[in-house]
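Remarks on the structure that follows.
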């Protein structure tokens with residue numbers, strides 16, 4: 001048994017704070033109430049005075065690199081990094097080697113996750129065979145085997161007819177399509193956002209229209225097919241406007257953005273910082289403001305990390321040779337608290353909604369809720385703690401965080417999943 005004393009409970013649905021004790025028996029929340037009797041001989045007692053207890057988080061977009069790229073990350077190391085950040089459900093993208101484009105690969109991911117992961121790992125299947133963009137994968141079999149979505153993430157499905165057919169099949173099989181929106185005719189060879197910083201650094205720029213053109217295309221295709229389109233890692237103000245318009249039309253479209261897009265601008269690239277090379281690229285302050293407004297209004301539904309680990313040798317090279325991507329599991333909550341709550345007045349309940357209720361709804365899962373009879377999946381956070389992101393403290397196998405050296409507020413101290421304490425006072429037990 002676990003007894004959490006003096007909890008300030010935040011549930012994303014009603015957005016109300018409740019001060020109470022929480023008794024966990026086996027894998028469920030047995031009781032929530034005032035002054036629950038302590039029994040130190042039979043209980044693990046955790047005093048959370050001054051801290052907050054909230055449902056654990058879900059990430060619908062990450063890269064675990066297994067199979068094929070285990071030198072960057074693997075299912076076990078990535079799951080531990082996710083756990084360190086408060087995530088107990090993560091959805092891994094199919095751009096592995098070989099790609100997750102058939103039922104056997106879906107089965108492999110599920111088997112490996114069950115074998116080595118302390119948390120829930122859900123596979124995303126490919127839209128096209130080999131992520132080639134040329135021939136649809138066997139979407140029905142992929143769904144039947146347990147994929148929670150389909151995506152060619154890392155690549156855009158450039159053929160509009162292929163994308164249209166994918167949406168039609170996805171509707172029949174009730175599976176969302178996660179779209180990586182990037183017109184490669186515009187972005188090819190680009191390194192960073194096209195603008196002031198690309199001009200002064202001499203790095204080739206990627207026009208913002210590379211994203212918004214495909215966002216517009218896919219919205220129109222979703223409107224026609226009536227399929228569930230999810231637009232991932234939104235980074236521009238134009239994309240926000242297009243998604244808002246689509247929702248006003250009644251299109252079945254959802255969207256996410258990432259912590260780095262709501263906090264950092266293209267100026268992070270100055271000095272040729274390869275950890276700031278991400279895809280889509282970091283944009284401008286105007287884009288940040290539009291994304292934050294989109295989150296406030298519900299135009300952008302949730303936050304994903306797009307956790308993209310790369311070996312140091314793939315980052316410690318000339319900028320135009322460096323791999324794109326940043327790790328994100330371990331900093332996500334703290335970045336959101338620092339940049340949305342502290343700097344933009346968001347309610348803490350809204351953050352829980354962005355990391356729990358909404359992402360789970362998008363992939364068809366019930367939310368994690370702190371309620372009697374529900375599974376004990378929760379995190380304890382210290383909202384006052386300030387910490388610097390340092391390479392030596394990163395759990396992920398790769399250390400390529402765009403937030404290295406940044407000072408963040410709030411810290412995920414303890415994580416309980418299915419009634420088991422997997423992280424306590426900042427230390428993982430798995």
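Each Cβ is built from the backbone N, Cα and C atoms, and glycine gets one as well.
Site annotation (Swiss-Prot): Zn(2+) 1 is bound by 61, 63, 153, and the candidate from 287, 301, 306 recorded at this site is 306. What Swiss-Prot records for the Zn(2+) 2 site is 153, 233, and among 180, 260 the residue it adds there is 180. Of all the binding-site residues given, namely 61, 65, 95, 180, those whose Cα is no farther than the 10 Å limit from the Cα of residue 306 (active site) are 61. A 10 Å cutoff on Cβ-Cβ distances gives residue 153 (Zn(2+) 1 binding site) a total of 24 other Cβ atoms nearby, all chains included. Using the Cβ center of 153, 180, 233 for Zn(2+) 2, the list of other same-chain residues with Cβ within 8 Å runs, in sequence order, 61, 93, 151, 154, 178, 179, 181, 182, 232, 306. According to its DSSP assignment, residue 95 (substrate binding site) is coil.
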